[in-house]
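S.K.: Handing you this structure, nothing more for now.
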Amino acid sequence: MQDLLYFLQQLINGLTIGSAYALIAIGYTMVYGIIGMINFAHGEIYMIGAYTALITITGLAALGIAWLPLILIVALICAVLVSSSMGWAVERVAYRPVRGRHRLIPLISAIGMSIFLQNYVHLAQGSRNIGFPALIQGGFQFGSPDSFQTSISYMQITIFITTLICMTALSLFISRSRTGRACRAVSQDLGMANLLGIDTNRIISATFIIGASLAAVAGLLLGMYYGSIDPLFGFIAGLKAFTAAVLGGIGSIPGAMLGGLILGVSESMTSGYLSGEYKDVVSFGLLILILLFKPTGLLGKPEVEKI
Amino acid sequence: MAAQNLKHALFCAIVTLVISYPILGLNLVAEGTKVVLEGADTATVISILLAAVAVFLFQLFRDNIMGSMGKMPNLNPFANREPMEQSKRQRLDTIVLVLLVVGALIWPFFVSRGSVDLATLVLIYIMLALGLNVVVGLAGLLDLGYVAFYAVGAYTFALLYQYFNISFWVALPLGACLAALFGLMLGFPVLRLRGDYLAIVTLGFGEIIRILLNNMTWLTGGPNGIGGIPDPTLFGMEFGRRVKEEGNTLFHEVFNISYSGNHKIIVLYLIALVLALFTAVVIRRFTKMPVGRSWEALREDEIAARSLGLSRTSVKLSAFTIGAFFAGFAGTVFASKQGFISPESFVFLESAIILAIVVLGGMGSQIGVILAAVAVIILPELAREFSEYRMLLFGLAMVLMMIWRPQGLMPMRRMHIELKKQE
């Protein structure tokens, strides 16, 4: 019984982290699906979202506003606004001029952008990690109080529900709306979509904005969940989310969700049963294994090389 | 058209404000356990506004600006110059090279200890950059975990000394070979991946090595690192005040000069110089050998190269292994120079700096990479007040280079033969 409760606890922790990874992974997978580049600076966009959320929350607290839903909604809106503007600007400045050149050139440009943004926040906000207030406290407990107790905090429930809402909204947007249809068309064949009168530049910008917005949501949620942020915290999260995107099959949106959940669970199982220090080793090891044996991921389509 | 431009310009200006004001203009400050928000000083706010205005004006008159940029005369005076004759150029190259090497040999005897120490660091980065240049510049394989091989070299020396008391000169080839072995082991499975996947896998590999070094405390000392790594000896001569090792002699006693701490620094510099020269010469020979040519062939067009009978795996693997070998070389020198190593020295940022050197110098170009290494390591030291902007400028430089000059500051000159004009 106790073992089962312990296992359940790890599963819950894993699903929480995993759903947040999935939110970030959407940004990687959509951009890759459309222009075939790894947006290396995506983790930094997520970090900027977390910073903006913290700045908004602190500002609202200074103004004396204490109603929790209002704080969360305003923080969310601000984070999404800043991150999506950043995503748009990054694409405009660093990726559009190098689009269509040799594969490595956009990637190096993206790495440069990632270093730039990390240091931009570092210079402006300092390099120390800053405490993020735990706005949502409390939770449920299972199991008898004298042995191991499984707990689900309200924060974890919030993360799970928010992710669910975002994913549903995204799926509806992609499948139903006009822009969503254009997105799918562009990801199938950019040149052809262009010929058929779709403004591909606008669609690519839209992709970056959607990805950045979801990353900002994840930034707010994970910032609150972890309780502190620093300018480097986007880097590892970005790598993890990329792993999730590859795991599920890069370019596929349901794949990113699945990959995020699998990665989150395997990570928390490693922390729970082996040691927390090796959880990064496990996720990178997983990435290497997936790329070696099934480079298309779980739900991805194989890429055919045409000559 | 004008109205559309105005709308676009306004939009861009607003975006500039949105992305800069919350991050730059409002600072989070920790006061005790509480975090409070402080507005930035007026200068920052004014510069944010100025930036927005600049973006607005640029976007508004973008068509005009771009038009006049295109019409500007080419400022490069060498643009239309006839290429030099091959024999003349070769002679010039040799003279410059010899002068440089002689200068580098004599120079440390006349300057301060600090600058010689810095020069040694530059030489270590030159070795690293030349090694990565083989992988990224010549073979076109983006390796983001290059620092792992550097770490393997450094830790090999440190551990061999700690457990088996092995000296620098024995550890040097061992470290390099072990790093090459790691390169081979990693390369064998991953080299069939496509370019950008390869980049991420090598990045993951670099992180794994660093995490392992950090956590295998029983072997590597974990985050505390390993200290007390000895300086190199020269033909059994030590540079300390007293003999540490049985059977060694002291440098200042053998030559009957008074003891000075500078001897050690200068000898270390000269060893690094010789090794860097060795690296440069070996790699230069490689590029002229069939294996070097096949690296470039595979980089330029993989399908064409394979259809001409080149084995993709062995060509890529050779580049990867050779690159790793020289990283191990540099790692051993680094461990000896610092006397102390810890996983802190082998983070991803280090890989990014080496990559930036290769990219700035011009992928594939040896001279370019060497000059870029000198610039990247020395410039931040000269402008110390700007040193905190170093990484920011790095990132910016990488982006701008990719946009305007992806071939680097000194692009590689292809080997070619000029046809003689018919009389």
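The backbone N, Cα and C atoms fix where each Cβ goes, glycine too.
Annotations in TrEMBL come from automatic prediction, not curation.
Copying in the features that TrEMBL gives for the protein in this structure:
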| type | residues | note |
| --- | --- | --- |
| TRANSMEM | B:9-30 | transmembrane segment |
| TRANSMEM | B:42-61 | transmembrane segment |
| TRANSMEM | B:92-110 | transmembrane segment |
| TRANSMEM | B:122-142 | transmembrane segment |
| TRANSMEM | B:147-164 | transmembrane segment |
| TRANSMEM | B:170-190 | transmembrane segment |
| TRANSMEM | B:197-213 | transmembrane segment |
| TRANSMEM | B:265-283 | transmembrane segment |
| TRANSMEM | B:315-334 | transmembrane segment |
| TRANSMEM | B:346-379 | transmembrane segment |
| TRANSMEM | B:391-407 | transmembrane segment |
S.K.: Can you tell me which parts of the same chain pack against the transmembrane segment (B:9-30), counting only residues 6+ beyond its ends and a CB-CB cutoff under 8 A?
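M.R.: Contacts with the transmembrane segment (B:9-30): 36-40, 44-45, 48-49, 51-53, 55-60.
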S.K.: Could you check if the transmembrane segment (B:265-283) is in contact with the transmembrane segment (B:197-213), meaning 3+ Cβ pairs under 8 Å among residue pairs at least 6 apart in sequence?
M.R.: no
S.K.: Out of B:92-110, B:170-190, B:315-334, B:346-379, B:391-407, which stretch has the largest tally of CB pairs under 8 angstroms to the transmembrane segment (B:122-142)?
M.R.: B:346-379
S.K.: Determine which residues of the chain contact the transmembrane segment (B:391-407) at the Cβ level, with the cut-off under 8 Å and only residues 6 or more beyond its ends counted.
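M.R.: Same-chain residues near the transmembrane segment (B:391-407) but 6 or more away: 349, 352-353, 356, 359-360, 362-363, 376.
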S.K.: Would the transmembrane segment (B:346-379) and the transmembrane segment (B:147-164) count as touching if the test is at least 3 Cβ pairs under 8 Å, pairs 6 or more apart?
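M.R.: As far as Cβ distances go (cut-off 8 Å, pairs 6 or more apart), the transmembrane segment (B:346-379) and the transmembrane segment (B:147-164) touch.
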S.K.: With contact taken as 3 or more Cβ pairs under 8 angstroms (pairs 6 or more apart in sequence), are the transmembrane segment (B:170-190) and the transmembrane segment (B:42-61) in contact?
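M.R.: No, the stretches stay apart by this measure.
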S.K.: Residue list, the transmembrane segment (B:147-164) vs rest of chain: Cβ under 8 Å, 6 or more residues beyond ends.
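M.R.: Contacts with the transmembrane segment (B:147-164): 128, 170-172, 174-176, 178-179, 182-183, 202, 205-206, 208-210, 213, 219-220, 226, 228-230, 323-324, 327-332, 334-336, 341, 343, 345-348, 350-351, 354.
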S.K.: Could you pull out which residues elsewhere in the chain have a CB under 8 Å from any CB of the transmembrane segment (B:42-61), counting only those six or more residues past its ends?
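M.R.: Distant contacts of the transmembrane segment (B:42-61): 5-6, 8-10, 12-14, 16-17, 20-21, 24-25.
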